Each structure stands twice: as structure tokens, then as C-alpha cells.
Amino acid sequence: MKIEAAKEIRRLTKTSQRCRRQLADAVKPLVCMLRVGDDDSVELNESALLALLNLAVKDEKNKISIVEAGALEPIISFLQSQNSILQEYATASLLTLSASTINKPVIGACGAIPLLVEILRNGNAQAKVDSVKALSNLSTHSDNLDIILKTNPIPAIASLLKTCKKSSKTAEKCCALIESLAGFDEGRIALTSEEGGILAVIEVLENGSLQSREHAVGALLTLCQSDRCKYREPILREGVIPGLLELTVQGTPKSQSKAQTLLRLLRDTPYPRSEFQPDTLENIVCNIITQIDGDEQSGKAKKMLAEMVQVSMEQSLRHLQQRALVCTPTPKDLPISSCTSEVSSK
């Protein structure tokens, strides 16, 4: 009867926000069902976990009440289960619960982070995706970021980034984590030591969503700003210039600024040019192009530069027309706000 009741709650709360509010009192009995741990309890645990997950989706109050009811202890134990389905549902639950700012420090303090990193390394495909999104949510709390760093997650994050679609939400969360971890020496060393790590970030810079590209260029800029002499060559070697050129005119305002700053850092000399050699983006890029090995890559960069100048001129003309008409900015001209992830209801 409990299993059937949990399945009915799961069904009712799958798409209805009103039902999530009306059934909020079901949280405590469902958490009690999570605590049953005998050999025949798997279906009981799974049905309760999925009902709680749906109750938590897009409902801040339920997220908080689920944690306050003591759900984290059994959920964390499920992360270590030999049952891959139960492990997957537990990971999805933590993804949703970690979208709450209030829950983030609590989840981090209860030992969930090392287990999520372990699932990122060895879990099934869906569990890996949910774990990296949960870690990205948790990383916005500074204490959690320190814990994540100590688990050496970069190899597992880079491995997932290499194989996922570069325009996906998964790639965005991988790059968001890498950007945060690149602020630490251990994170920078791990990324550059991982074969294909920087290349994977550059592929997102070229083919990712607007938000993904912003994280990718931010990660590369953090590397170069921390130690230009050490990281300039590894970044250039992977062919970053064409993607950066495109980003200077087609990214978010923040991406454009970061791309231009990175191009300045990547040129041969870090010092400003004289007044007779203006520090223009074109001069910086031409300076870098002369150092690129290989006719194909150099030719691609030069073509991108020509296209960049054309697009820049067109954008400048449109901007002047907008000012003349006293138009308000369109949504695409506004910076993209960062947001936490949640799993969709199941």
C-alpha cells in the first residue's frame, strides 16, 4: 500500500505545481520509507525516492523540508549501492535538492561530494550527467568548492566533456566547474596534465551554447592570467584563435570582453604597443597568426579575422541604427544570468 501511494504521489506531482504544494505533508512519511533497509526494500526505496524527487522539482519549500526531514542520510547511502538504478535515482535527487541555496552547505557537509565525484568516474551514463550537474550546483558555495577540489575531479570532468555533445547542458556544467576549479593551482595543473583537456574546453568555446562558451573562455583566461608564460603555449597549441575571433563579435558581452583580453595575453609581447602601433584587436591577432604553425590553421585564422571585421562592421552599423531609433536592447544583447540545474520530474 505504501508503494502504491508513493507511485500515486509521483504521478500527481510529475507536472502539477499545485499538487506539489498540496502533497507537501507527504514528505516525512516518504523519508521514513527511505530508511527501510531490509533485502526486500528496494522497490519501497525507489518509489519513495522518485516521489520525493517530483515533490522537490521547482518547489523550494519542499526541497528544504526534504533535507530537514533527514532524507540526506539514506540518499547518500544509496549513492554507494550496488544497485545502479537506485544509485542513479539518488544522484538525480541530490541534483534537484542542490538547486536550493539553503541546502548547498548542508549537502556538502554531510559527505555527498566525494561520492558524487566517484559516480562521475564510475557511474552509469545518466548518473554521470546528473552528478556533474549536482557538483556544479554545489560548487557555487565556497566551502563546497574546496571539498570538490580535494577529490581531484578534473580528469573525470574532462573525460565527460570529451565525449558529450559540446552544445549540451552537460558541457555547460562541465565548463562551469572547470572555470571555478581553474582558480586554484591544483585545478590548473590537473587540467593541463589531462590529455585533451584544454582541447575539449576549446571545442566548447567553438561549438557550445552562449553560456558554455562564456565558461570556456573564462577557464582559459583564468589559466593565462595566473601564469602567462606557463599556459600560453599549451592554449595556442590547441588552435584557440579561430574560436576566440568568433567570440569577440558573436558571444555575450562578457564573453566578448574575456575573448579580447585573452587574445591580448596570447600575443608575443604582453606589453602595450606604442602610440604609433595601436593596441587594436586586429594587430594583436595578426601578431599571433604569424606564430601559428601550419598553413591550414594560419589560413583558417586569417579567414576568421576577415569575417570578424565584416561582422563587426555590420554590428556597428546596426548599433548606430538602433541608437538613432532609440530602441531598447534586445534579449540577445543582454548578459546571460547563471542558474542552478534541476533534474526534470520522472
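Note: Cβ is positioned from N, Cα and C throughout, glycine not excepted.
Automatic, uncurated: that is what TrEMBL annotation is.
For 4-269, the entry in TrEMBL reads domain 'U-box'.
Each residue in the repeat 'ARM' (25-70) has a pLDDT score, and their mean in this model is 95. Sequence annotations record features per position, and here TrEMBL assigns repeat 'ARM' to 25-70 (among others).
Listed by sequence, the residues of this chain that lie at least six past the ends of the repeat 'ARM' (111-153) yet keep a Cβ under 8 A from its Cβ atoms are 72, 76, 79-80, 84, 87-88, 91-92, 94-95, 98-99, 104-105, 160, 164, 169-170, 173-174, 176-177, 180-181, 184, 186-187, 190, 340-341, 343. What TrEMBL lists as repeat 'ARM' is 111-153 (among others).
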Residues of the repeat 'ARM' (111-153) by DSSP state, where helix covers H, G and I: 34 helix, 0 strand, 9 coil
